[in-house]
Amino acid sequence: MTHALLIGNPNCGKTTLFNALTNANQRVGNWPGVTVEKKTGEFLLGEHLIEITDLPGVYSLVANAEGISQDEQIAAQSVIDLEYDCIINVIDACHLERHLYLTSQLFELGKPVVVALNMMDIAEHRGISIDTEKLESLLGCSVIPIQAHKNIGIPALQQSLLHCSQKIKPLKLSLSVAAQQILNDLENQLISKGYKNSFAYYFSRRLAEGDTLIGEKAFTESLLIKLQETEQNLDVLLADARYQKIHEIVTLVQKKHSDASEHFTAKLDKLVLHRFLALPIFFAMMYLMFLFAINIGGAFQDFFDISTETIFVQGSGWLLQQLHAPNWVIALVANGVGKGINTTITFIPVIAAMFFFLSLLETSGYMARAAFVVDKAMRAMGLPGKSFVPMIVGFGCNVPAIMAARTLDSERDRLLTVMMSPFMSCSARLAIYAVFVAAFFPSGGHNVVFSLYLIGILMAVFTGYILRKTTLKGHASPLILELPAYHRPSLRRLLRETSLRLRFFVYRAGKLIIPICVILGGLNAITWGGGISSGEANTDSLLSIIGQWITPLFAPMGIHQDNWPATVGLLTGMLAKEVVVGTLNSLYAQVGHVGEITAAHFDFWGGIKAAFGSIPANLSELGSALWNPVSASAADSELSQSVYGIMSRRFDGAVGAYAYLLFVLLYIPCVSTMAVIRQEANKRFMWTSIVWSFVVAYATSVVFYQGAKFLDHPQQSMVWILAMSLSLLFVLAVFRYSQYGMGRQNAAANT
């Protein structure tokens, strides 16, 4: 077996290459002692097994105790500590000179290295030609030109790993005699301490460049003190010598012609990064994403809903009736498992549309600019602009967004990002929005969704601002970001990335929604006295009693006593937000007897025909929905007979529904999010997030509902608005003074 490390600069296509090499044969875990994700994969080449470990993206192997993220520290330590046979160094052919800096450091390890020269097609498009044979000769290692996103050059790279045994010699750097003597002395001292010759050479260079995390602490500190006494700026001298050597190599192997794409990028950036137009363009892009997801994705939603309802709910119920199964079995299978499958599959088109648009923004190069644009606004409030990059990931799922905060250098910025990320509307929340938009906002539903996403962003910023003024005081670290050139992503790549994200989401949602629907169906079938009902909802069921008991707590935000399924949805949503849709769909169906199946009413082919017929019908209304959302009407004539119809009767109109959506947006994160907050921060931060999000959600929903209904009952509304305002101020005061101890404890834990 051959074990190879995959390393390269950020945004060099390393992850794309890792996926191309290993396909689905991947494992994800954590590096020992830290929470940084560790990805390994393998593939067979004939009968030879090759294992790949994907290291975090880094610009340099120098690991300093201050100003380095966990990702960078892991990469720097892994090249020393792990047992491996060779290194695959991924280089962006468009930025050869900058990427060879890391290559020069890797050569000093004395290990076999294969250079994967990626994005050759993009380089050619930009007028860059590279003589790979001459580059291979000058570096002294294999150089394989590849296009990872098109799987071009991958077989040649795989073959090179079979013959990767030649140890690489370091590049010869032009240093002064005095500087070279100091490095030789360092190397000899390390050898006398028991280090192998190759590691002694490598460590001496890292120490000279200011690395404080390698070797024995006491010994390396003494060497660093001696270095400071030499009055030689070895780190600067080494960096200058590296760039000088790299420039010589690049001059010999690279030719650059006129680059039309650079001119196009520069012209477009004048508009996209304009001082006054940048933020409006950013919000316009976000708005287009929700417009695309709700209208384009929503056009196919009825197809998935009707077809899966016909097959898994009505079909399974009809089949069990033919087998004379008991009513409780029919209820559990049809309205439990069947309704769970129906719920999971129904919101696939909306989620897929959003993932597709996100992938388009990311691969085109705009998303990096979005972080740059938002940085100025966030830094004005003392918040780190870098936080917005992980927070954008939160539009898909809050869990990876919080985990992505590991890439931030500052501990303060990392904790701020962890606490702000749960307010970003994840794709599971989008599924809930889509259901309510169909029931209550058939015209201009994308405007409703956009407002919710915007409120989530504003609440995240507000939370960060409060933390900056209390627990996490300090200055925001500067944003250093590489802005890639704009390019047109291939449809194949967009579909592949959308498919990968969608499969993960559906798998995660399905394995939660289906069991929850079965459990809810069981609780709804069991009466308080221990009997079994026929499967229809009744006021004596355990679920009904629990829901009715808790519902009065939510009365100020418009949830009335007969709308107890909405309360149960909030409770199950604490497990996972995608479960809310399954809960509402299951309970409202049983309350309204929508799930009752009879042999006389079941028409399989009629249901399938109606499902296919919904696609052209919805697409024909797409133009009016996009260009004239006010006059467009998507009201369904059969809405009153469906779950949507039951929902519209139970909620207090559009106002009550929007108040409910505000609570869903802001309240307690799901179990997975809470767990990762505890993992990335500590228990106190987790509980702070839970309490803060619940208070903010409740206060915001109540204030909105009471404000909207102010004319109906002005005195009652005024009391509730004042009460919520005072409660929020009280929590802020408690938060300010009680968090001081938490901040000190956390600071101590991280020193």
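Heads up, the Cβ atoms here are built off N, Cα and C, so glycines get one too.
Taken from Swiss-Prot as is:
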type: DOMAIN; residues: 1-167; note: domain 'FeoB-type G'
type: BINDING; residues: G8, N9, P10, N11, C12, G13, K14, T15; note: GTP 1 binding site
type: BINDING; residues: G33, V34, T35, V36, E37; note: GTP 2 binding site
type: BINDING; residues: D54, L55, P56, G57; note: GTP 3 binding site
type: BINDING; residues: N118, M119, M120, D121, Q147, A148, H149; note: GTP binding site
type: TRANSMEM; residues: 276-296; note: transmembrane segment
type: TRANSMEM; residues: 341-361; note: transmembrane segment
type: TRANSMEM; residues: 385-405; note: transmembrane segment
type: TRANSMEM; residues: 422-442; note: transmembrane segment
type: TRANSMEM; residues: 447-467; note: transmembrane segment
type: TRANSMEM; residues: 512-532; note: transmembrane segment
type: TRANSMEM; residues: 539-559; note: transmembrane segment
type: TRANSMEM; residues: 657-677; note: transmembrane segment
type: TRANSMEM; residues: 685-705; note: transmembrane segment
type: TRANSMEM; residues: 715-735; note: transmembrane segment
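Residues belonging to the domain 'FeoB-type G' (1-167) score a mean pLDDT of 85 in the model. Long-range contacts of the transmembrane segment (341-361) within its own chain (CB-CB distance under 8 A, at least 6 residues past either end) are made by residues 285, 288-290, 292-294, 296-301, 303-305, 308-309, 312-313, 367, 370, 395-396, 427, 430-431, 434-435, 489, 493-495, 497-498, 501-502, 505-506, 509-510, 513-514, 517, 578, 581-582, 585-586.
Long-range contacts of the transmembrane segment (657-677) within its own chain (CB-CB distance under 8 A, at least 6 residues past either end) are made by residues 398-399, 402-403, 418-419, 422-423, 425, 428-429, 432-433, 436, 439-441, 448, 452, 455-456, 459, 554, 557-559, 566, 570, 573-577, 580, 647, 651, 685-686, 689-690, 693-694, 696-698, 700-702, 704-705, 708. For N9 (GTP 1 binding site), the nearest neighbour among the listed binding-site residues (D54, P56, M120, D121, A148), judged by C-alpha distance, is P56. Annotation: P10, N11, C12 are the binding-site residues among P10, N11, C12, M119, M120, A148 whose CA atoms are within 10 angstroms of the CA of G57 (GTP 3 binding site). Its Cβ placed at the centre, G13 (GTP 1 binding site) has 22 other Cβ atoms within 10 Å. Counting only residues at least six positions away in the same chain, the Cβ atoms of D54 sit under 8 Å from the Cβ of T15 (GTP 1 binding site). Residue density at L55 (GTP 3 binding site): 24 other Cβ atoms are found within 10 A of its Cβ, drawing on all protein chains shown. Annotation: P56, N118 are the binding-site residues among P56, N118, M120, D121, Q147 whose CA atoms are within 10 angstroms of the CA of K14 (GTP 1 binding site). If you count neighbouring Cβ atoms within 10 Å for each of the binding-site residues G8, P10, P56, G57, the highest count belongs to G8. The candidate set comprises the binding-site residues N9, N118. Of these, N118 has the most other Cβ atoms within 10 Å.
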